[in-house]
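According to TrEMBL, the protein has these features:
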| type | residues | note |
| --- | --- | --- |
| REGION | A:1-28 | region 'Disordered' |
| TRANSMEM | A:31-52 | transmembrane segment |
| TRANSMEM | A:64-84 | transmembrane segment |
| TRANSMEM | A:91-110 | transmembrane segment |
| TRANSMEM | A:116-138 | transmembrane segment |
| TRANSMEM | A:145-167 | transmembrane segment |
| TRANSMEM | A:187-204 | transmembrane segment |
| TRANSMEM | A:233-253 | transmembrane segment |
| TRANSMEM | A:259-280 | transmembrane segment |
| TRANSMEM | A:287-306 | transmembrane segment |
| TRANSMEM | A:312-331 | transmembrane segment |
Amino acid sequence: MTTSLITAADPAAAPEGRGGRRRPDRRGPAGYRDALSIAAVWLVLIVATTVVRPDFLSSQTLLAVTFTMSISGILAVAQAIIVISGGLLDLSLPVALVFSAWATVTALNNGLPTPVAIVIGILAGAAWGALNGLIVVFGKLNPIIVTLATGFGGLAVMLIFFTSAQIPSASDLRLYGLGRFLGLPNIFWPMVIVIIVAGLALHFTRWGRHVVAVGGNAQAAKARGINLRRMRLATFIGAGAVAGLAGVMFSAVTPSFTAAAGAGFQLIVIGAVILAGISLSGGKGNLLVLLLSIGFLATIPASIAFFGLPPAWALVFQGALLIIAVGIDGYRLKRTAR
Amino acid sequence: MAENASAPQSAASEVALQATSISRRYGAVVALADASMTLRRGEVMGLVGDNGAGKSTFLKILSGAVVPDTGSIEIGGVEQSFRRPSDALEAGIETVYQDLALVDTMSAVQNVYLGREELSKNPFLRLLNVVNDGGMRRRSREVLAELGVGIQSVNVSVKGMSGGQRQCLAIARALLWGRQIVILDEPTAALGVRESQQVLELIGRLRDHGVSVILVSHNMQQLAQVADRVTVMRLGRTIATRTVADITPETIIGLITGALPADVATPEDSATVVA
Amino acid sequence: MTHSTTRGRLARLGLIGLAAGLALTGCSTVGSTAGGDSGATGAADDGTFTVGFATGGQPDADWQQLQGDVAQGLAEQRGWDFVELSNDNSEATATKNADIFIQKGVDVVMMFNGQPSANPVIAKKYEAAGIPVVTFDIAQPGWYFVGVDNAAAGTEGGTSLGELAKEKWDCKVDLVISAEGTAAGQINTWRTGNARDAVKKTCPDIPEGNYVSYEADGNLTTSLANAPGVFAAHPDAKNILVVGLNDQAVVGALQAATQLGRDGSIMGWGQDGGLITGDNVDPNLVGSVMYFLEGYPASAFEIADAIEAGDAPAVKDTGDDAAVSVKPCPVTAEEAASIPSIEDRVSQLASAPKGSTEYDLFCKA
C-alpha cells in the first residue's frame, strides 16, 4: 500500500497517459490470466499424454478424472473460502471431512433417513468450523496453528470413538455414490454445483463482498462497519459446512474409512487452491480457476498411469507441484507488490 | 442513500458536531486529557498538534474506534454514544485514515460501497443477498464525476491507482454515502504537490456540498488554503481554536510547540469567541 | 486481527499446547496392571520370573492393548509375575518405561514401540541392565525379533489369488495391478512384490506387460484417488487381479473399478485382514492374509520360556532372520467370516494349551 503512494505525478490530470504506463491490474483480466495459464498447462498435459497414448481421450479417462476431482474439489472450495477470507489455511479440513463422514454413516447406521443423515453430516462440518472459528476469533490466534492443533486433537478424539466406520452397503447414499448422472459419477455434480454457487456468492452477494474485503484488508473492512469477528466466524462455519458436504460424498464412495482417512486430501487441496491464484495473503480468488486447477491435478495420476511411470512418481509430482504452487504464489505477490 | 450529498451550503452557523471535555487514558498514560471541539455545518476545521498531542486518540474517539472515558459527543444536537466504528458511520461521521481504508484487491466501486452494498431490486435476488452492481457502478460514476475525481474505470482494482486517486476515492465515498461530517487524517502526507492540490480541491468541493470536515495536517500552507478554523492540541488538550484568516502559521506553530501558552491564547472552547 | 507472534500470544499458545498435552496424556495413562497376586510393585525380589510388557498405545489399534491382555494370560498360565506399561505411542514414555522395568528388575521385556526412534537409547539401557528384549514387528539390533513373516504373507496371498485365477479364468488375466505403498519400503516389497511374483509363478503365461503398479500409499483414500487412472489406462482389460500392501490399498483399487464400471471380472487379495471381516466386505475382495497381531505374545513367550529355563536362544534380530516368525494366515472371504472375533481369539488363546499360537488355533490353511 505504501509503495503505490510514492508517485509524484498527477493521475487525475492525465488518466489515459498513466493508464498506459501502469500495469493493467483489472480484476477480470488477472482472473483470465490465471485461468488461461492453468488451462494451458492442463492442455499440455492432456496433449502430451495423448501423443504417447492416443486412447487417453476416452470415457474411462473422463470418469477417472471427474471421480478424482469430486471430493477434493468440494474440499478445495472450503479451503478457498478460508484463504480468501484471510484465514490463511485450514489444516484441519481432512479431520472435518472424516468427522462429517463419520457423523453421516453413524446416522445411517442408526436408521435415520438419508436426507437427515446428509444434513447431520453437513452440520457436523459446520460445527467443526465453528469450533475452529471460535478459537481463532476469541483466542486471537493464528488460524494455521489453531487448525493444526484442532486437526491433531480432533484426530485423536476420533480415534477414541472409532477405528473404522462403514456406510451401510445397501443404503441410498451408498448407491448414490456408486451411480452416474449424464455419464459422469454422481458425486461429481454436487462439486460442480458447490463451485458455481460459492463462486457466484463470493462475487455477487453482499456476504461475498465482505468475505473478500475482510481477507483483503481487515482494518479497512472494520472501518467500513463490517464486524470482523462475526465475518470470520461465519466463514469458518460456512467453509466447515462445505467440508461437511465433502464428508457426506466421501462416505458415499468409501465403504470403510478410518479416522485418518482424510490425510490424503491435504496436499492436493492446498496445492489446488494456491495453483488457482488464490493468494494466501487473502482477499482474492476465483473459484472457476479453482475448478480448472482441481481438474489439472486430478488428471496427473491418470497421466502417470497412461505413461506407465513407476508409482513413486505420484509422490514426486505431488511434492513438486506444491513447491511450484507456492513459488507461483510468491512470484505473484512480489510482482503485484511493486 | 446520498440524499444529503448536495445539501444547501448556507447553514453557516449550524453546529454539526459538538465534542465536550473528552478524555481517555490507557493504563497510567493519559492519551487525551480534555478535548473539545465545535464543528459547524459546512466548515473545514484544521486539527494540529505535535506528535503525541492526542490528535489520533481524539480522531479515533470521534470515529468510534476508541471509547472515551469521559466527555460527550453531540451530532445535530443529539447526544451520541459510539461503541464501534459502525456507530459513528451511522451517525454520519466518515473517517478517512492514513492507510485510506481501501481494500486493494477490490474495485473502486466495490470499495466505495463496501459495508453498504446496495442489494438487487429483484426481490428474489435480493433475498439471496445479491448486490445491484449496475446501480452502484452508475451512482459511483456520477458522484466521482461530480467531484472531479478522475479514475479510468470504477471496475478497476484500486491496487493500480495512484495515491491521489486512492485518497480522492476514499473522500468521495463519504459524500456518496451522504455523510455530514468527514474526518481526514493527513490526507496529503504521502502525496506530491499536484496530487495534494487535487485532494485540497476535493475538500473544498465537499465543503461546498455542506459537509463539515475535520482535517488533520502538518502542512500550514495547506491549512491556510483550505481550512476555515484551526484547533490546536497540546499534551492531550485542545488548547486553542482560531479562525485561519486571523492568524499566521507562526502563531499556530507557537501554540503547537508551547512557545505561546494556551491560557494566553484563546480558551479551550472557543466556539463562542470566534465567529 | 493480526498474526504477529507477540510474547503474550506465544505464552497463550504454549498454555493451550500444554493443556492439550495434558489432555492427551490423560487419555492414555500408563496402564500398569499386575498379573496374579504378586502385584506390580517391585515384585522381582522374590525370585519369581517377571515379564515386563510395554504395549504400543497407538489409539487406532485395538490389537496393541490386546497384546497386553494375551501376554498377561500367558504369564498367569506360567505363574510368572507380569508388569504392563503403555508406551503411549510416545518416545518419551517408551524411554521412561524402560527405566521403570529396569528398576523393577524384570527378567525379560516384551514391547511394541510405534515410535521406534527412541529404540537405540532404550536398547543401551537394557543392555547395561542385562535384560533381554523381545520386540514386535520393529527390528532393533540386539533384540529378539518377533514379527509376521511378511515375505511369506506376500507369497501366500499371491499364490492363493493366482490359484483362484487359474481355477476361474484359466490364468487368462488381462491385468495384474499392484497397489504399492512405496513408503513402507521393504515391507511393501515383501507383501506387494512377493504377491505379484507368486501370481506370476502360479500363472506363468500372463504377459509381462499386463503387470502394472500404482501408488496407493497403504490407504483407501489415496488408492481410490490414483487407481481410476490405472483402469482408464487399460480400457480393454477384463479379467483383473489386484494385490497390494494392505486391505485398504487393494479395496481402493476395487472401488475404483466399481466406479469406472470395470468390476465385472476383478479379484483382489489383500494383506493384514483389515477389511476382510464385518458387514461391509467388498464383494471383489476375495481374500486377505491375517497376521493375528494380538497373538504375537504367544511367540514371544516361547523365547521367554527358554530364557526362564536358563537356556536363552541366540539373538536373532532382523525381519529376514527372526527369532520367531509369526506364520501369516491367508484366508478367503468365506473363511474369514468363520474366524472368531479378535476378543474371542484372545480369550480362546488364554485357555489354550501352553505353546499354542493363534495360527494353530484359528488358521485352517
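The chain as shown is numbered from 1 upward.
Each Cβ is built from the backbone N, Cα and C atoms, and glycine gets one as well.
Any TrEMBL annotation is an automated prediction that lacks curation.
Values in this document were obtained by computation on a predicted structure and should not be read as measured data.
The stretch in A:31-52, A:91-110, A:116-138, A:287-306 that contributes the largest number of Cβ pairs under 8 Å to the transmembrane segment (A:187-204) is A:287-306.
Long-range contacts of the transmembrane segment (A:312-331) within its own chain (CB-CB distance under 8 A, at least 6 residues past either end) are made by residues 267-268, 270-271, 274-275, 277, 279-280, 297, 300-301, 304. Of the recorded ranges A:31-52, A:233-253, A:287-306, the transmembrane segment (A:64-84) has the largest number of C-beta contacts under 8 angstroms with A:233-253. Ranked by the number of CB pairs under 8 Å to the transmembrane segment (A:31-52), the listed stretches A:91-110, A:116-138, A:233-253, A:259-280 are led by A:259-280. Pairs of Cβ atoms less than 8 Å apart link the transmembrane segment (A:259-280) most often to A:91-110, out of A:91-110, A:116-138, A:145-167, A:233-253.
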